[in-house]
Amino acid sequence: MVAVTGGRPPGLQDAPGAPPPAPAAEAVPSRPLARDATYGGRVYGGVGGGGCCLEFLDCVLRAMGVATPAEIMPPADFRWAARPMRRRRRGGSSSSSSSPRDREPRDGRIAANGASAAASLYTMRGNKGVNQDAMLVWENFCSKEDTIFCGVFDGHGPYGHLVSKRVRDLLPIKLSANLGRDGHKETSTNIVTSSMTEGGGTERMDRDTETPLGTEENGDYPEMFAALRTSLLRAFYVMDRDLKFHKTIDSVFSGTTAVTVIKQGHDLLIGNLGDSRAVLGTRDEYDQFFAVQLTVDLKPTIPSEAARIRERSGRIFSLPDEPDVARVWLPKYNMPGLAMARAFGDFCLKDYGLISMPDVSYHRITEKDEFVVLATDGVWDVLSNSEVVSIVSQAKSEASAARFVVESAQRAWRTRFPTSKIDDCAVVCLFLNTDARNKPPGSGIKDLANAIELGGGNLS
């Protein structure tokens, strides 16, 4: 039990004319990533953990006699336009909140509950509102029969559901834009290290994002891995720029995570942004399943991430009722409270240490590797890596594996946190079948790297 007192975190100040703080609240149980965090009677929306308090910033600025910037506080009619009306279907709402367009396969793409020959995917809405999770499986990616793109995206903020779906639909297209196309001018890698000249955030190459090349972990294919890593960095950069200048999606206080996997032959290329996660299910010498985490949860608790944020004047502290959840805040205002150190969107924090540069890694598939599970934090907050691998290994069929994980996570939420709201869950299970192992090691990475050299790198 954690007692919530009437004290304030370091740096917390009232706006001029603000009412006195409410008395101390009763002790509440600790819970992971609550969507709304209450402090001293005031509600600060935790982006990445929940909605953001635009009204609070408006009150602070008006009390100080400062005009509200249009780029930070868009007019009401613009915000309404960013959330299009959707007609409810009779007979109840779908748990996955997927539209007919999501359910219709397009060029090997599946973006709703279902399964393909190589993967299964499933999402279920929690009880916090609209489902902000999105997912995608794209077979024959880049027109290659043995190549698959998978991704899960966890939106947050008032328009997180729009941001996550935008990234789901556009990011793989940006990634494939420079594969297998002639006549495109090579884009310099400076695109991911240059500053955005029109405000709203700066992208810089950081030491913690540099992955050592030519090691056993990377499969001893430094040249091929470097080419693919550069391509992935470009795609993430251009995707974030698309969100920044999008005319109908307000991403100032909204954003999304992204964890993606490209599989070809023996090769897996993983790109991660935020706190969604990819876990490998493999077998040990006794043929027993165990879990290998392929990504790192990029949260403000990581020393290198925290150092970057503080260097750029961002603040990091936890709310009293969530002492284990570090959040990122603006230098002078206690908002938005982002529970991750990297994300698409969230442009209010892009000048203060938040970046959209993914952590990129490579894994060579072995004969012991069976599947990869990509999931949002609605799953990982209540199930361990080992539990998820065990659940998938015991599923009745590969087609039902993702649904089995989501339903298990929902039950775990009700059992472990009965007073908390259930988070949205999205899962993609990618099965590493024997057909993918017939190619010699490294052949997939080499094929994709050759395609990059032929196609150039124009992603804009």
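Positions of Cβ are set from backbone N, Cα and C atoms, glycine also.
There are 25 other CB atoms within 10 A of the CB of D377 (Mn(2+) 2 binding site), with all protein chains counted. A helical conformation is recorded for D377 (Mn(2+) 2 binding site) in the three-state DSSP classification. Annotation source Swiss-Prot lists Mn(2+) 2 binding site at D154, D377, D423, citing similarity to another entry.
The Mn(2+) 1 binding site feature in Swiss-Prot is assigned to D154, G155; the stated evidence is similarity to another entry. Every protein chain considered, the tally of other Cβ atoms within 10 Å of the Cβ of D154 (Mn(2+) 2 binding site) stands at 29.
What Swiss-Prot records for 100-109 (among others) is compositional bias 'Basic and acidic residues'.
Sequence annotations record features per position, and here Swiss-Prot assigns compositional bias 'Basic and acidic residues' to 201-210 (among others).
Annotated domain 'PPM-type phosphatase' per Swiss-Prot: 118-432, in sequence order, evidence recorded as sequence analysis.
Annotation source Swiss-Prot lists region 'Disordered' at 1-30 (among others).
What Swiss-Prot records for 83-111 (among others) is region 'Disordered'.
Under the heading region 'Disordered', Swiss-Prot lists 192-219 (among others).
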Other CB atoms within 10 A, centred on D423 (Mn(2+) 2 binding site): 27
Three-class DSSP secondary structure - D423 (Mn(2+) 2 binding site): coil
Close in space, distant in sequence - G155 (Mn(2+) 1 binding site), Cβ under 8 Å, 6 or more apart: Q132, D133, A134, H161, L162, V163, S164, K165, S254, G255, T256
